[in-house]
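Working notes, structure below.
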Amino acid sequence: MTEQKALVKRITNETKIQIAISLKGGPLAIEHSIFPEKEAEAVAEQATQSQVINVHTGIGFLDHMIHALAKHSGWSLIVECIGDLHIDDHHTTEDCGIALGQAFKEALGAVRGVKRFGSGFAPLDEALSRAVVDLSNRPYAVVELGLQREKVGDLSCEMIPHFLESFAEASRITLHVDCLRGKNDHHRSESAFKALAVAIREATSPNGTNDVPSTKGVLM
């Protein structure tokens, strides 16, 4: 397996994003922050001996979801985003999903010697979600969370599945994420991101060979 790290920058007229990722966790840093004088403090920040997670998108609940995804995937992750939040949350959420997907794909490298498929369940109180992923190079997303509110915090509920769809498209994976039950939209969303993390962690884990896990012989 390779070092499995990546640094991705995405700059458009709508957002400026920088993401560093290590799929194996461990120390991680960005040499030059996009924030002037480090003026923005991460809403979702955690540092342990095994992981460094620092997320600042400008949308608190999105930070919380990305933090949960990184934590339970076993990643170290730094996300910096300056977006046009004076308009709404669409561009920031979508572009963060795209950039994170690109970073994940680059860090993963060739799909070789890994399980490829992964599945996971995660509860959060009354909510229960299921996720299934395939590192297939066939981007597709089916996301059914059954959210009822207009927003959770400052994040529009319609953008929560859209983030996952953008991540799947950019990372070129297939993912199915369903919330099976739950009454609270915060819980439904968080259990979904945690279930996805469990599935990704399994799919990217070594399978004991150096083979490409495909009858085609290639996943590219």
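Here, residue 1 is simply the first one shown, and the rest follow in order.
Keep in mind that glycine also has a Cβ here, set from the backbone N, Cα and C atoms.
Remember, it's a predicted structure, so these values are computed and weren't measured experimentally.
What Swiss-Prot lists as substrate binding site is GLU14, 64-72, 90-94, ARG116, ARG138, 186-194, 214-216. Here Swiss-Prot flags HIS64, HIS91, HIS186, GLU190 as Mn(2+) 1 binding site, drawing on experimental evidence. The Mn(2+) 2 binding site annotation in Swiss-Prot covers HIS90, GLU94, HIS162, HIS187 and rests on experimental evidence.
Overlay of Swiss-Prot annotations on the structure.
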residue : record                 : DSSP class
HIS67   : substrate binding site : helix
HIS90   : Mn(2+) 2 binding site  : helix
ARG138  : substrate binding site : coil
HIS186  : Mn(2+) 1 binding site  : helix
PHE193  : substrate binding site : helix
Going along the chain, which residues six or more apart from GLU14 (substrate binding site) have their CB under 8 A from its CB?
GLY83, ASP84, HIS91, THR92, ASP95
Cα distance, HIS64 (Mn(2+) 1 binding site) to PHE193 (substrate binding site), nearest Å?
10
Can you tell me whether DSSP puts HIS162 (Mn(2+) 2 binding site) in helix, strand or coil?
helix
If you count Cβ atoms within 10 Å of each one, which of the binding-site residues HIS67, LYS71, HIS91, HIS162, HIS187 comes out on top?
HIS67
Winner by Cβ contact number (other Cβ atoms within 10 Å) across the binding-site residues GLU94, GLU190:
GLU190
When you measure from the Cβ of ARG138 (substrate binding site), how many other Cβ atoms are you left with inside 10 Å?
11
Out of HIS64, HIS90, GLU94, point to the one nearest SER189 (substrate binding site) in space (Cα versus Cα); all of them are binding-site residues in the record.
HIS64
Quick one: give me the count of other CB atoms within 10 A of the CB of THR92 (substrate binding site).
25
Round to a whole number and give the Cα-to-Cα distance in Å for the pair HIS186 (Mn(2+) 1 binding site) and HIS90 (Mn(2+) 2 binding site).
19
Rank aside, I only need the closest one: which of the binding-site residues HIS64, HIS162, GLU190 has its C-alpha nearest to that of ARG138 (substrate binding site)?
HIS162
